[in-house]
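What follows is a short report on a single structure.
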Amino acid sequence: MSSAKSAAPTSGTPYGTLPSASPMPQRKPVSLPRLQEMRERGEKITMLTAYDATFAAVADAAGVECILVGDSLGMVCQGLSSTAGVTLETMRYHTESVVRGLQRVQATAWVLGDLPFGSYHESKEQALRSAAVLMHAGAHMVKLEGGGWTAETVRFLVERGIPVCAHLGLTPQTVHALGGYRVQGRGDAAGLQLKRHALELQDAGAAMLVLEMVPAALSLEITHQLKTCHTIGIGAGKGTAGQVLVMHDMLGINLGKNPKFVRNFMEGQASVREAMAAYVAAVKDGSFPDDALHAW
Ligand code: KIV
């Protein structure tokens, strides 16, 4: 299957090579209707995290459709031991940086801003205020973690015109409550609860759902049951509508040990852009993720 986006040319700048700022008439901005179309024709959606202007522009030029300014930046940029310490102000700063970089090269990517821990837990009104900060910074969509209680918050945001991506399975902001970075949704009861939460979130209007570290069979089932909410997997097998990876992981520059479901796309590539393009190609042709790398 071919990519919805075609890679842009690059041009030198005093600070290195950035994707060209010349207009790319054949590239249309990624939007919710375009993502729905991709889903309907069976084309996989690609997502990568980025936290600054340059990497975001390179990811866009490599053909990545969705850029997640993830709160994983707490771990990969700030050196924190979990994402729980990331603040809304930090997310605003990085979202703005990513959006400026994308605007500079007339990029087409869809940008998700991650609502950090504590910025949407108090009330729906608090969630709206926090989401507005990221939307003012240029995000097209916000992401929040958890199921059950979050459905009401998702509905509140969606009704007010804010596209929302939900996040189930391993939710890193609550890693301490989960007892570590463990697979979620194993066993009948846990699987049923995850499926119920996914349906509730779709019903509340979530247009995307990240499924992190859940059994491949379960994420496939959830993907089939959701029609207007696109599942984006990370360590969740190949059955989801799209895939996401933390950029540092897929470039093989993780400070710790890479999760076993991650592939180092830098291997055999001459540049970051080529590595990202290889990721896009592998997701589109179904060769990533490799289900053999999932013991769950
Ligand atoms: O913060 C993040 O990067 C994420 C991804 C792991 C999906 O939530």
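Glycine is no exception: its Cβ is also placed from the backbone N, Cα and C atoms.
Mg(2+) binds D71, E145 as TrEMBL records it, and from the list D52, D114, D188 the residue named for this site is D114. Comparing the binding-site residues D114, E145 on other C-beta atoms within 10 angstroms of each C-beta gives the minimum for E145. Close contacts with ligand 1, defined as a Cβ under 6 Å from any of its atoms, occur at D71, S72, D114 among the binding-site residues D71, S72, D114, E145.
Using a 10 Å Cβ-Cβ cutoff, S72 (3-methyl-2-oxobutanoate binding site) registers 21 neighbours. Surrounding the centroid of the Cβ atoms of D71, D114, E145, where the record places Mg(2+), the chain contributes additional residues within 8 Å, namely G70, S72, T83, V86, L115, P116, F117, K143, L144, H167, P172, Q173. Looking at D71, E212, the recorded positions in this record, the fewest other C-beta atoms within 10 angstroms of the C-beta turn up around E212.
For K143 (3-methyl-2-oxobutanoate binding site), the same-chain residues that are 6 or more apart in sequence and have a Cβ closer than 8 Å to its Cβ are L68, G70, L112, G113, D114, L115, V164, C165, A166, H167, M208, V210.
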